[in-house]
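> Quick one: structure below, then a few questions.
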Amino acid sequence: MEINKLQVEAIKSGSVIDHIPEYIGFKLLSLFRFTETEKRITIGLNLPSKKLGRKDIIKIENTFLSDEQINQLAIYAPHATVNYINEYNLVRKVFPTLPKTIDRILICPNSNCVTNHHLINSSFILKEDQFFNMNLKCKYCEKEFYKKIVLSCQ
């Protein structure tokens, strides 16, 4: 008989980002500026997962992520789920899908890009090449980079 015990405290109301790949939880906290709130945030790192082997989880009380925020999670956590909780019950489960653009959360690898020298939010257009590799094109400097290159700059 398997005992199912919560390893991260339940929240009464808010958003739960589950199935985050291990070691990505802290990165999401800073990139999405989740810590710039007065809301209580609980994070579980390197937890056991049947689906991923290991996972991270983030719970944000009294905050419901927008569809735009959820979809931008997909660049880092394509198999994540976002659960909306009300009165300790799951009321909605959302699966992120890659948006056409990623705004504000990524840094352009081009050191000459205007976004690296002025207070301008970054913006990338997601593109797929002929080999189905995901590339990101900066809206400002118009340079195109492999997804892996952009994510390594963060």
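Backbone N, Cα and C define each Cβ position, glycine as well.
Pulled from Swiss-Prot, these are the listed features:
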BINDING   Cys108, Cys113, Cys138, Cys141  Zn(2+) binding site
> Return the count of C-beta atoms lying within 10 angstroms of the C-beta of Cys141 (Zn(2+) binding site), excluding that atom itself.
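Other Cβ atoms within 10 Å of Cys141 (Zn(2+) binding site): 16.
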> Going by DSSP, is Cys138 (Zn(2+) binding site) part of a helix, a strand, or coil?
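SS state of Cys138 (Zn(2+) binding site) = strand.
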> To see if you understand the setup: which same-chain residues, six or more apart in sequence, place their Cβ under 8 Å from that of Cys138 (Zn(2+) binding site)?
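Sequence-distant Cβ neighbours: Cys108, Asn110, Cys113, Thr115, Ser122, Ser123, Phe124, Glu144, Phe145.
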> For the recorded Zn(2+) site formed by Cys108, Cys113, Cys138, Cys141, which further same-chain residues have Cβ atoms within 8 Å of the site's Cβ center?
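Residues close to the Zn(2+) site, other than Cys108, Cys113, Cys138, Cys141: Pro109, Asn110, Asn112, Val114, Thr115, Asn116, Ser122, Lys139, Tyr140, Glu142, Lys143.
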> Taking each of the binding-site residues Cys108, Cys113 in turn and counting other Cβ atoms within 10 Å of its Cβ, which one has the fewest?
Cys113
> With H, G and I counted as helix, E and B as strand and the rest as coil, say where DSSP puts Cys108 (Zn(2+) binding site).
coil
